[in-house]
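Q: So that we are looking at the same thing, I have put the structure below in structure tokens.
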Amino acid sequence: MAKPASPRSGQRRRMENFRKVRSEEAPVGGGAEGGGPGSSPFADLAPGAVHMRVKEGSKIRNLLAFATASMAQPATRAIVFSGCGRATTKTVTCAEILKRRLAGLHQVTRLRYRSVREVWQSLPPGPTPGQKPGEPAASLSVLKNVPSLAILLSKDALDPCQPGYQPPSSHPGPSSQTAAPASKRSLGEPAAGEGSSKRLQPEPSAAEEDQTA
């Protein structure tokens, strides 16, 4: 006896006839914890702070090039990287690389949820059940709650008691890394000048060999 199909399997079969057209953030309220596209979890940002919105298809090198150039200006005191859904991993990567490039940055991390509305449209091969011939393709709107991450990096000191605070971390400079090969060469390998001086010493001539004989 065959088992009845579950509601989830029937839903998956129905979604196979649709394709995702676009995805957009849906505002669900105001304030710092609202899911609106322009809302920010940091209410007391410094004037002139740069806001970098990281998306799933964003290029990390392009984001870091703009972020590094902006933070190099003395007037820019803070920068915020924010991303939701699959872009959260890329958001963390951008913040960590910038912290290595610019030492002494204070960090505050905020994790929340955003509402994302996905618009799906039926595939062209045939009309969906209940659709009359000649009618436009049916569309479906799905509302999802996805995790959203915002990372604040500031040149100025921040409140260390607030949740998500991380103090600046010290990283070894390039000078300590370049000094290692020189130390290894001085232990056992001869320097370039020493090898050349040994090669430049003249060999004894045939006349000198006869005199010594």
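The chain as shown is numbered from 1 upward.
In case you wondered, yes, glycine gets a Cβ from its N, Cα and C as well.
TrEMBL lists 1-44, 157-213 with the feature region 'Disordered'. Annotation comment: TrEMBL describes 13-25 as compositional bias 'Basic and acidic residues'. Per TrEMBL, the feature compositional bias 'Gly residues' maps to 28-38. Sequence annotations record features per position, and here TrEMBL assigns domain 'DNA/RNA-binding protein Alba-like' to 51-114.
Show me how these features fit into the shown structure, please.
A: Summarised by DSSP class, the composition of the domain 'DNA/RNA-binding protein Alba-like' (51-114) is 29 helix, 19 strand, 16 coil.
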Q: For the domain 'DNA/RNA-binding protein Alba-like' (51-114), would you mind checking the mean pLDDT of the predicted model?
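A: Result for the domain 'DNA/RNA-binding protein Alba-like' (51-114): average pLDDT 94.
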